[in-house]
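Here is what Swiss-Prot says about this protein:
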type	residues	note
BINDING	V29, G30, M31, G32, A33, F34, G35, L36, V37, K52	ATP binding site
BINDING	C156, C161, C205	arsenite binding site
DOMAIN	23-302	domain 'Protein kinase'
MOD_RES	T174	phosphothreonine
MOD_RES	Y176	phosphotyrosine
Amino acid sequence: MTTNEEFIRTQIFGTVFEITNRYNDLNPVGMGAFGLVCSATDTLTSQPVAIKKIMKPFSTAVLAKRTYRELKLLKHLRHENLICLQDIFLSPLEDIYFVTELQGTDLHRLLQTRPLEKQFVQYFLYQILRGLKYVHSAGVIHRDLKPSNILINENCDLKICDFGLARIQDPQMTGYVSTRYYRAPEIMLTWQKYDVEVDIWSAGCIFAEMIEGKPLFPGKDHVHQFSIITDLLGSPPKDVINTICSENTLKFVTSLPHRDPIPFSERFKTVEPDAVDLLEKMLVFDPKKRITAADALAHPYSAPYHDPTDEPVADAKFDWHFNDADLPVDTWRVMMYSEILDFHKIGGSDGQIDISATFDDQVAAATAAAAQAQAQAQAQVQLNMAAHSHNGAGTTGNDHSDIAGGNKVSDHVAANDTITDYGNQAIQYANEFQQ
């Protein structure tokens, strides 16, 4: 970037996009998780990119934490089959923008336009499994794997995106988020104790959809979803039923008539045996018996592309210590600014914290920085009040009323200005970075 670079403001679907003039030719391409996505051209590289605006990241502590989680994941997960963070910046309006490569289309759109030939199904599944092997090795579960979250370019390179909903690999995990068609049965049955196997189930559903050109389990609601799964797999085995924690769910499942499974070779008669065998290993009721991503890569169906020396795992587990933290917005804000500065390898900013420190130490430093900002803001407000009082000593009562109202405004402005000091260098990097 050059020192004369500046932020340019434009409207996209009624939403303000405020980006540096490094990027031009903005066009909306859709909504991602909690943000609007536009295509653009990077004038430094002349390459197309996708720019995702995070909507109001500091409006609530929940949104701030969610944005922090997505940023941390994008910085940590670096793999050919995962969307890659190329740039991140904070606008003067304090919106956050993620810049990634632009893939052109997604699997959902592709499946709507044409049936996939065998070699494309095989190659796309291989890349999905390759990406999942890496993600799972980092201790991360995607949780929302579906065709629209699988991006593809004109060279058939595939990348998994939207890690905004990803969660820690934790056998006590609760809740569900995935789109119903691709949701693993253990999520519907228990809402807890699920692990990386939920992504394998989702990948299996996507595999079947690529083969047939339509969703395998298009449930209209939870009950119908479970019903059509049992149409193919039969009734869940007793060891799965025994894991159901919800009394109402247990009563529902045990009240259903017994169903025998349909052999996959009968259900998918025209599909090659290796594909049927792998699909059957991915779509297993018991998650403990479901094939892993690593084993699926070694399956005969993946043989044309399988290369054990080129299917990497993560260098380190992702640090989830922040996941249970309940912090105020200003603390998340300081931590977010520091992550942005670290991405651009800019150090030494006032208020910047050491992101290599333990999470507890980061929180302590960020909390202290936020408190210092509030103290500075309060001091500035008092100075403003003193100045107004001095300047307005000879004014009328109405004038004093106006000044008092103005003090409320300047209180708010001063607080915002001071806390934003921690982001000043994140904004200013536009004038310093990549010179």
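Using the three backbone atoms N, Cα and C, a Cβ is placed for every residue, glycine included.
A simple way to gauge crowding: the CB of V29 (ATP binding site) has 19 other CB atoms within 10 angstroms, across all the protein chains here. Under the three-state DSSP scheme, V29 (ATP binding site) falls in the strand class. Of all residue pairs in the arsenite-binding list (C156, C161, C205), the one with the greatest Cα separation is 20 Å apart. Between the C-alpha atoms of C156 (arsenite binding site) and V29 (ATP binding site), the distance comes to 19 Å. Residue density at C205 (arsenite binding site): 26 other Cβ atoms are found within 10 A of its Cβ, drawing on all protein chains shown. Per-site Cβ counts within 10 Å over the binding-site residues C156, C161 peak at C161. In this structure, the C-alpha atom of C205 (arsenite binding site) lies 26 angstrom from that of G35 (ATP binding site).
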